[in-house]
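These notes are about the structure you will find just below.
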C-alpha cells in the first residue's frame, strides 16, 4: 500500500508502466496464449471424480437383456416411418401403451423467418409423442427424461428402438423413485423446444404448440440418444448447449464411470481417449479435443437436443453412437445396460446435481480444466486493455476535445449495429424481388452488405463536427473504445468463456495497437478463420471455396438459431461487438 500512497513512488510506477507499456502488453498476450495452450498439459488438468455422494459408486447390477429385440423394434419403427412419410404417431402411441406407459401427444408448428436450406424446411409442422412411467414408490414430484429424435430417412431409428426397449424393461422394475418420461420428438430441436415450452408453460420463441395433457414431476436430468447404425463402435458424449451452457460435470463423470465399468469405448468430440499425455502426439490430441469444445461452446448453438434442457436448469447431455473405429464393437444390449445403470444412479438423487463444476473444459473424458485454471488466460488478455487505457489516460493530461467528437461515432456505430441486427430478415423480400437469389441468400447477402456499408459510414464524422481531426481526439475515442471492449469481453467471458476468449484473442491486439496509421482486422475475419480452424480440428480440411460456402452457412445458421432458440451470439456480435470494433475503425481515418 505504501507504494501507491507515496506520490513519488506512484509517479515512478506510472512512469515505468507507460514507458514499457507496449512490451508489457506483448508479454501479456504471449503469456495468455501460452497459458491457454498449456491447459491441455496433464499437470494443469484435474482427474474427473464424482462429487455427488448418491452417485459415487457404480455398484449397480445392470440386467437389460433385450438389445436385439430393441433393434427389431427400431426396424419396425423405420418401416412405419417410411409408410407415414414422417413420424408414425399412431404406431408409437400403441407401442408405448402396450408397454404400460401413460401416452400423450403434442402438436406444434413453426414458421421459420427464412428457409433453412441445410434441412430444406420453412413451415414446420409435427407431433411429439411421449410416455410417462409413473414412479411406484414415491410421490411423483420429480422426473427423468430419455429422448430420441425422430430424424429424416434412416437416421436414429435404432435409438427409438432402444428407447422403447428400455421403457418395457423399466416398467417391470419397482425401485423407481422418479417418473421417467420417454420422449420421441419430431423435427429435432424445434420439436424439443415445443415440448419443453409446453412442459414448463412458457413461450419464449413464438412457436405454436398444443398444451401438454400429461406431465410428470420436476425434471432433474435428461439424456438424448442418437444411434443411426446397428453397429456402434463407441459412444460419444456431447455436452455443449445453448449459449455455451454445460451440464453439471457429475453427469459426464457418471457416463464415463459406467463406460469404464461395462467396457464401452467412449469418446468426446469424436476423439478417442489417450494415455500418453507426456508425448507430443498425446498433448496435441488433448489440445485438439479441448479446442473443439471451445469452438463448439463459442458458437452458442445447441449441439444436440439436450442443449435446450439446460436453459431450464435441467442437467442434460446427448449420447451419440459412432461407427468409426472398426476394431471395436458395442451391441445394443450393452448400450441399454449403460443407460439402465445411469438412470438407476440418477434415480437415487435426493437433490439436483450441484456439487460439481458447471464451468469447465475437457481435453478428455478422464481429465478436466476448472474455471480457476482457465480464467487467468483470459485475464492476461484483458489486462492489456487496462494497461493501454492507463497509458492513454496519462497521455490525455491536457483538456480533451469536445464531447461531440466521441459521442457521434458512438451513436452512428451503434445505429449501424442495430441495422445489422434488424435489416437482414426484414429486407429479404425486397432483395428477392430485385435480385435472383433465394430467401436465405438474401438474408446473408443483406447482412454482408450492411456490415460492409458500416465500414464506410461512420469514419470522418468528427471532421463534419469539428472541422479537423485533433491529435487528442482519436486518443479520447480510443480510450472510450478500449474501456468499452474491456467491459464487453469481461461480461461475455463470465457467461461464455470460450466466446469471450476467442473474441479477446482477435480483438485485443487490434484495440491495443490501432492508430491512425495502422490497419486493423475485422470480426468477419475472425469468423472466417474459425470456420477453417474448426474443419482442421475435425480432421476434415476444406478448400477455400467450400470454406466460403460454410462461412455463409454459419452466418445464416447464427441468425436462425437466434430466431428459433434464443441464441445470443448473433445479437451480441451485431449490437455490441461490431459497433465497438467500428470505433477502432474510426481511428484509422482520423487524419
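Here the Cβ of each residue, glycine as well, is placed from N, Cα and C on the backbone.
Look at TrEMBL and you will find 20-41 (among others) tagged as transmembrane segment. If one looks beyond the transmembrane segment (20-41) by at least 6 residues along the same chain, the residues whose Cβ comes under 8 Å of a Cβ in the stretch are 277, 283, 286-287, 289-290, 361, 363, 369, 373-374, 376-381, 383-384, 387-388, 390-391, 501, 505, 508-509, 512-513.
Look at TrEMBL and you will find 371-390 (among others) tagged as transmembrane segment.
Feature annotation from TrEMBL assigns transmembrane segment to 402-422 (among others).
Taken from TrEMBL, the feature transmembrane segment covers 442-458 (among others).
Feature annotation from TrEMBL assigns transmembrane segment to 479-504 (among others).
Taken from TrEMBL, the feature transmembrane segment covers 510-534 (among others). When Cβ-Cβ distances below 8 Å are used as the criterion, the transmembrane segment (510-534) is approached by residues 22, 25, 291-292, 295, 298, 384-385, 388, 451, 455, 469, 474, 478, 481-482, 485, 502-503, 541-542, 547-548, 550-551, 554-555, 573, 577-578, 581, 584-585, 587-591 of the same chain, each at least six residues removed from its ends.
Sequence-distant neighbours of the transmembrane segment (541-560) (same chain, 6+ residues past either end, Cβ-Cβ under 8 Å): 112-114, 116-118, 299-301, 424-425, 440, 443-444, 447-448, 527-528, 531-532, 535, 567, 569-570. Feature annotation from TrEMBL assigns transmembrane segment to 541-560 (among others).
Residues or ranges marked as transmembrane segment by TrEMBL: 572-590 (among others).
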Folded-back contacts onto the transmembrane segment (371-390), same chain, C-beta under 8 angstroms, at least six residues removed: 14, 17-18, 21, 24-25, 28-29, 31-33, 35-36, 39, 44-46, 357, 359-361, 479, 482-483, 485-486, 489-490, 493, 497, 500-501, 504-505, 508, 511-512
